[in-house]
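Got a structure for you, written out below as structure tokens; questions coming shortly.
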Amino acid sequence: MASPKSSTRPNQENQEPQFQDFFPTMAGKLGGEGLIEEICKGFELLMDKDKGVITFESLRRNASTVLGLGDLTDDDVRYMINEGDFDRDGALNQMEFCVLMFRLSPELMEASRCVVTEVIEEEFYRH
């Protein structure tokens with residue numbers, strides 16, 4: 001998972017948490033499927049076991065105990081949930097979490113864009 005640099009508190013300049021991006025290294029070592037498996041394991045660590053989604057409460061609790069991010073404010077936690085909550089149900093399902101993790105990694109997003117472009121070009125030129 002993306003890892004906080006020194007704090008996840010928004011900085012004054014852009015008001016977004018800053019993260020150190022370990023995904024490209026993980027992808028290189030684990031491969032695509034291995035990376036997805038690790039992201040899914042991260043989801044399981046943070047989710048509410050009864051509801052099967054990451055809720056405000058489960059993220060607040062598990063970010064502190066599992067990830068050691070005890071200095072997160074309620075606003076930090078809300079921001080993290082809202083950033084990936086596409087269906088606006090107030091929680092992150094596994095797909096939303098995986099998409100969010102990829103969105104937080106500019107290098108992986110660029111690599112994905114290149115792969116999609118190659119596939120489209122191959123299909124276009126084959127027909």
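The backbone N, Cα and C atoms fix where each Cβ goes, glycine too.
Grabbed the feature section from Swiss-Prot, which reads as follows:
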BINDING   ASP85, ASP87, ASP89, GLU96  Ca(2+) binding site
COMPBIAS  1-18  compositional bias 'Polar residues'
DOMAIN    72-107  domain 'EF-hand'
REGION    1-20  region 'Disordered'
Mind looking up the mean pLDDT for the domain 'EF-hand' (72-107) in the predicted model?
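Summarising the domain 'EF-hand' (72-107) by its mean pLDDT gives 92.
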Let's check the environment of ASP85 (Ca(2+) binding site): how many other CB atoms sit within 10 Å of its CB?
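Looking across every protein chain shown, the total is 19.
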What are the other residues, in sequence order, whose C-beta lies within 8 angstroms of the center of the C-beta atoms of ASP85, ASP87, ASP89, GLU96 at the Ca(2+) site?
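Everything else in range on the chain: GLY84, PHE86, ARG88, GLY90, ALA91, LEU92, ASN93.
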Could you give me three numbers for the domain 'EF-hand' (72-107), the DSSP helix, strand and coil residue counts?
23 helix, 1 strand, 12 coil
Mind telling me which of the binding-site residues ASP87, ASP89, GLU96 has the densest Cβ neighbourhood, counting other Cβ atoms within 10 Å?
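Answer returned by the neighbour count: GLU96.
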